[in-house]
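In what follows, a single structure is set out as structure tokens and then discussed.
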Amino acid sequence: MASRRPSDPASLQPVDLADVTSDFDSPDAPRKNRLDDPIRGPKLGPLEFLRWVWRVLTSMRTAIILLVLVAFASIPGSLVPQRSSDPNGVSIFRDTNPELYKFYESIQLFDTFTSVWFSSIYLLLFISLIGCIVPRTLYHWRILRAEPAAEPASWARLPYRRSERATQGAAVALDCAETVLRNAHYRVVRDDTSIRAEFGYLRETGNLVFHIALVGILTTLAATGGYGWSGQRVIIEGQTFTNQLASYDSFHPGSWFTEQNLQPYAVSLETFTPEYTKDPVKDVWMPIDFTATVTVTEGDATREVILKVNEPLVAGDSQMYLLGNGFAPVITVRDPQGTVVFDQPVVFLSQDSNLTSVGVVKVPDGLSKQLGLQGFFYPSAVDLESGALSSNNPEPTNPTVTFNVYTGDLGLDSGVAANVFQLPVDSLTQIAGRHTGTDVILTPGDVFDLPGGLGSIEFTSLRRFIGVEIRHDPTQMGVAVSTFFIVAGLLASLGTRRRRVWIRVRGTARIPELEWGGMSRGDDPRLDAALDRLVEKTRQPSTDKVTGE
């Protein structure tokens with residue numbers, strides 16, 4: 001008997017299905033008929049592949065992932081010293097960790113925020129957000145111009161349903177309902193026997209405003225790296241800083257900076273007054289206030305300004321911030337004939353809360369040998385039991401400076417930049433100071449004669465200095481505005497519910513009823529309560545506005 005091979009799938013019997021399955025699973029069956037073969041989609045050509053990449057890149061999920069990646073990629077910038085903000089820290093890291101320095105340098109960790117990998121993530125995030133925002137904005141614009149949605153076909157599936165008798169007639173009841181909905185800020189379309197209304201467009205508007213403002217912040221931060229600049233300068237009492245490139249101790253320009261961007265002005269430090277208090281428990285001095293009196297000259301105008309911490313001075317298009325302070329003893333060096341070869345205040349960097357400080361004096365010319373002084377300054381010097389000096393107060397009640405004196409090649413003629421706070425003592429010869437039997441301990445007015453008739457050193461007087469940062473950031477207003485809209489958009493998005501309401505007339509002409517139906521996009525636990533308030537309001541119509549919530 002010949003096997004039956006049904007041609008109509010509708011006529012297949014269980015035995016036929018067994019035959020078909022066995023036939024497809026048979027090892028002898030053609031490979032294209034095997035049921036265990038994986039399902040393969042169509043091959044993607046170059047254009048289709050690019051479309052797929054664009055869809056993935058411009059999805060909101062990708063934008064969130066990239067935003068998280070930017071946050072993680074920023075971590076090295078706070079853990080590893082950056083060339084743009086802490087070049088000395090990079091130099092110290094190179095000297096203390098030479099092998100690790102090479103690895104960090106190869107992956108651009110010392111330039112995190114301008115590295116290729118950080119810039120790539122930043123750019124992809126920017127593109128992803130733009131790709132998300134543009135189509136959503138166009139779609140939302142079409143929704144805003146469209147009428148509220150038509151009545152659903154299946155009224156019974158609406159999450160909110162309620163019927164009310166129209167005791168004053170259908171037309172009057174619809175009029176009352178329309179008034180209540182409009183007062184509640186619903187968009188309303190009125191027909192002869194029905195009303196369509198929608199509320200909550202502000203939710204999507206706020207969402208779009210949030211994302212557009214986020215793009216604004218990304219744009220302004222990127223512009224900061226191009227048009228912004230910052231620099232640092234130490235200003236000693238009696239000295240004047242002029243806003244020109246050569247006057248900065250260190251300067252960090254943006255990518256599109258030119259020297260013509262610096263607006264001319266001058267700042268002179270008149271006095272600096274710190275205020276300290278002593279913690280009786282920890283027995284340490286703590287600063288409570290720093291006040292710098294400066295004179296600012298812009299063009300022909302001169303003004304006196306008080307500069308404090310977190311109260312920047314505004315001059316030109318830049319801001320000057322007070323960062324640090326310390327002492328600058330005035331050191332005078334004379335040759336054997338009494339001719340002054342060095343006479344200027346020298347910045348000493350503080351090492352502790354009592355402002356014990358270290359500094360270096362370099363005298364390359366004027367003497368028979370180059371002279372280097374490694375100094376230690378004590379504002380309120382006291383003798384310890386060990387014989388060493390210490391400072392017990394940040395105020396200069398007993399200012400004392402000690403020196404280790406060296407002669408030899410200071411390395412200033414090598415053509416290599418040298419740190420003004422470091423002295424190459426390993427290549428120099430010590431002639432006075434610690435471990436030589438000839439201590440150099442000076443108070444204001446004291447003079448020390450150098451061994452061998454080389455000359456003399458005098459601690460002439462004491463001044464203070466301040467460390468300031470001058471910064472120009474043209475994007476501050478943009479960041480502030482973007483931040484405001486981010487918060488406003490977020491509040492609008494989180495505080496608004498998207499709701500739709502339909503009202504139709506049912507019943508008879510003699511006993512009409514208004515049937516209410518409503519739904520919300522997304523989870524809305526307050527939907528029933530909000531619509532119940534609207535229904536109750538139609539029973540007692542008034543011109544008072546009712547919130548859509």
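Heads up, the Cβ atoms here are built off N, Cα and C, so glycines get one too.
Taken verbatim from TrEMBL:
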- 1-37: region 'Disordered' (REGION)
- 28-37: compositional bias 'Basic and acidic residues' (COMPBIAS)
- 52-75: transmembrane segment (TRANSMEM)
- 60-531: domain 'ResB-like' (DOMAIN)
- 116-135: transmembrane segment (TRANSMEM)
- 208-229: transmembrane segment (TRANSMEM)
- 477-496: transmembrane segment (TRANSMEM)
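The average pLDDT for the domain 'ResB-like' (60-531) in the predicted structure is 90. A Cβ distance under 8 Å defines the sequence-distant neighbours of the transmembrane segment (116-135), meaning residues of its chain 6+ beyond its ends; these are 54, 57-60, 62-63, 66-67, 69-70, 73-74, 107-108, 208, 211-212, 214-215, 218-219, 222. Long-range Cβ contacts of the transmembrane segment (208-229) within its own chain (Cβ-Cβ under 8 Å, at least 6 residues beyond either end) map to 113-114, 122, 125-126, 129-130, 132-133, 136-137, 140, 251-257, 261, 471-475, 478-479, 481-486, 488-490, 492-493.
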